[in-house]
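J.: Quick one: structure below, then a few questions.
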Ligand SMILES: C[S@@+](CC[C@H](N)C(=O)[O-])C[C@H]1O[C@@H](n2cnc3c(N)ncnc32)[C@H](O)[C@@H]1O
């Protein structure tokens, strides 16, 4: 179905953008209006109203803001991710962090903008491999994201075969099971014993304190800070750093280094920081 093109009232659109920014920290400047309207069309189709203007009037004047906001956030977040994305980060963990971990307690990892789960499951595979070299090594992995749709998808751990190409072949063989969807698409699912090691929850990074345990060994906060303004980047980096143990590591996206300004952090490699003090 093609929706009619209806000029969206600038004021209504700005109202929507400022609510989304206030709730999520995500900046939605005027030059993104075509993207915003394009993405909202998905939701408009699902609701069954004829056009964007009617939809926004329903949201703001019809008292549907509370119901619709999670759906609006879902469509306006950018969830692009990959297995082994920015792979030097996983090499750094294997080479410098995991071997230094003392036995006796589980290694705690948090993927703080986990999207559909690839980052958390990549880490689970890397840690399962490490456990072969260091028997007794235990780990727990948490993934959180503001979008409930990606959290649901992450829990399922089902990916298209095109999505798994960056996983080394021996790991694919060991940690994925292959199958097909009912309409014949080739799929891969993370095996149950590995899925059980990874927990996912919906959580907004802009509303600290977080319901997440402290004393994390490693936190990945990658490719989410770019959507925030400078003040929000600073606030989120600081709140996330509170959840690292002294000596723990924060990883940001390779394009986000300028955001890691917390005075407790010392840079150790590209976009990798060690928390030196509590
Ligand atoms: C581009 S993905 C990055 C995924 C993964 N960390 C990576 O680097 O591949 C950004 C994710 O941040 C999430 N996000 C955006 N704003 C957020 C917020 N305020 N709190 C938590 N997650 C947020 C989005 O829903 C999206 O899934």
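Cβ atoms here come from the backbone N, Cα and C positions, even for glycine.
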J.: Select one of 51, 145, 183, 242: the residue that TrEMBL places in the S-adenosyl-L-methionine site alongside 79, 81, 85, 119, 204, 205, 222, 223.
T.: 145
J.: Restricting to the chain of residue 145 (S-adenosyl-L-methionine binding site) and a gap of 6 or more, list residues whose Cβ falls under 8 Å of its Cβ, or answer none.
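T.: In sequence order, the residues whose Cβ lies under 8 Å from that of residue 145 (S-adenosyl-L-methionine binding site) (at least 6 apart) are 113, 114, 115, 151, 154, 200, 202, 203.
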J.: Report the mean pLDDT of the predicted model across the domain 'CheR-type methyltransferase' (1-278), rounded to a whole number.
T.: 94
